[in-house]
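Heads up: the structure comes next, in structure tokens.
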């Protein structure tokens, strides 16, 4: 009608447009009936961060690394008398471990940095609140979410062996034996990746 | 059957058709549009696939507060939705459903009356636009007026072609005179009538007067509640009316297998098929710009309908 360019038959675009909508109508819809049907989340979904309180040693690494400073930790020291030991040991006891999810930006640095696996990602996402102040969750609430943490994924058969396996294999082979990368994977697919880092 | 009972049955039948058919088309629009966009549409109201969504909408509209803009001309403002809705009710009166006088009011000048009444829509648009005291309403109303006046011409010319072919202005008469080969003979007029009809009821892609991305909601911006519901109802009745008129004039109305018994079914089927096409167009095509709108009308539809008139006369005088 208006612009007769190099588009073939006039009205072809109009027909194509109708065809696209008609084809879409015959296909299955992509709507998820969310409140009625639980969504199928991809593996390793990052919903919220859960705390395994027993693993926490109050090392404060997570609170220091947090870019938003949204982790609040309080603790006190406790004396533990070990029978047979020369003197009583001191132990950190966690009093408070809060994460303010109003500030959290879900970067996951705290999970990465925790040396004792006290923090875990869980796919749980239904923790919306009507008040922004209610998004400050204490260690009991964070601990409840531990139930929703999925088991860790199986080890990648093509990947490097874990540090523990490599060390154990090296110790078993005795000093001067082959490096970990050779012993742990006899049928090597890749040839000795990064030997120096494994020593 | 006494006269009063006869009248009562006809009026009630027309009112039922007037209230039920638009709801069916509206619900179909919700569902068809949703599925064409990969969604499922309303699912909750009425428990089964949201069949009661428009009923729920109606209840919601009734409960809303009756708001007038501060500077509005109240009388005209209140009257406009009625003026928009009422002509369609009169048009439904004259549309034949089946053979043997299955029509609410058989009129010898049916086509003339229908076209005259459809032209009344522009008054409602201008009334609501001016009375709203809102610049967006006014812009939308003026666009609407330009569009409606422009598209009136191809609409009337296309209808005139089929009236000349049938030799009558009566709508049942036109259907009786219709023959299957008219589908080819009157095809250009049918297309022009359908497209111009779409523009007459301001359906997308001809919804420049409403154009929600630039004019808020055009001449309907200031309307809420029941008055807005009337405008919406008018739009859906408009779909039914344009589909029905195209059916009656160009697709042979009740003609089909077992037309004597199932004529009404054929008419309804054709009306719903055309309504589906109208919804389909809405989903598929972007809105025409104002200048494209006028170009389509004056440079394509009017010449085509004039050529169709010549063709009609030529074929008519040869046979």
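From the backbone N, Cα and C atoms, a Cβ is placed for every residue, glycine too.
Automatic, uncurated: that is what TrEMBL annotation is.
If you look up TrEMBL, you'll see B:7-26 (among others) marked as transmembrane segment. Remote same-chain partners of the transmembrane segment (B:7-26), defined as residues 6 or more beyond its termini with a Cβ less than 8 Å from a stretch Cβ, comprise 1, 54-55, 88-89, 92-93, 104-105, 232-233, 236-237, 239-240, 271-272, 275, 279.
Feature annotation from TrEMBL assigns transmembrane segment to B:76-97 (among others). Outside the transmembrane segment (B:76-97) by six or more residues, the chain places 14, 17-18, 68-69, 103-107, 110, 113-114, 117-118, 120-121, 123-125, 127-128, 130-132, 171-172, 175, 222-223, 227-228, 230-231, 233-234, 237-238, 240-241, 244-245, 248, 253-254, 263-264, 267-268 with a CB less than 8 A from a CB of the stretch.
Look at TrEMBL and you will find B:109-132 (among others) tagged as transmembrane segment. For the transmembrane segment (B:109-132), the list of distant contacts is 69, 72-74, 76-77, 79-81, 83-84, 87, 90-91, 94, 138, 140-142, 144-145, 148-149, 152, 155-156, 159, 163, 169-172, 174, 200-201, 209, 218-223, 231, 234, 238, 241, 245, 249: same-chain residues at least six beyond its ends, Cβ to Cβ under 8 Å.
The transmembrane segment annotation in TrEMBL covers B:153-175 (among others).
Residues of the same chain lying 6 or more positions beyond the ends of the transmembrane segment (B:228-251) and with a Cβ under 8 Å from any Cβ of it are 18, 21-23, 25-26, 29, 57-58, 61-62, 81-82, 84-85, 88-89, 91-92, 95-96, 111, 114, 118, 121, 124, 128, 159, 162, 171, 174-175, 182-183, 186, 189-190, 193-194, 197-198, 200-203, 220, 267, 270-272, 274-275, 278-279. If you look up TrEMBL, you'll see B:228-251 (among others) marked as transmembrane segment.
Sequence-distant contacts of the transmembrane segment (B:263-284) (same chain, at least 6 residues past either end, Cβ-Cβ under 8 Å): 21, 24-25, 28-29, 32-33, 36-37, 96-99, 102, 194, 198, 203-205, 239-240, 242-244, 246-248, 251, 253-256. The transmembrane segment annotation in TrEMBL covers B:263-284 (among others).
Here the transmembrane segment (B:296-315) has long-range neighbours at 147, 150-151, 153-154, 157-158, 160-162, 164-165, 185-186, 188-189, 191-192, 195-196, 199, 288, meaning same-chain residues at least 6 beyond its ends whose C-beta is under 8 angstroms from one of its own. Marked as transmembrane segment by TrEMBL: B:296-315 (among others).
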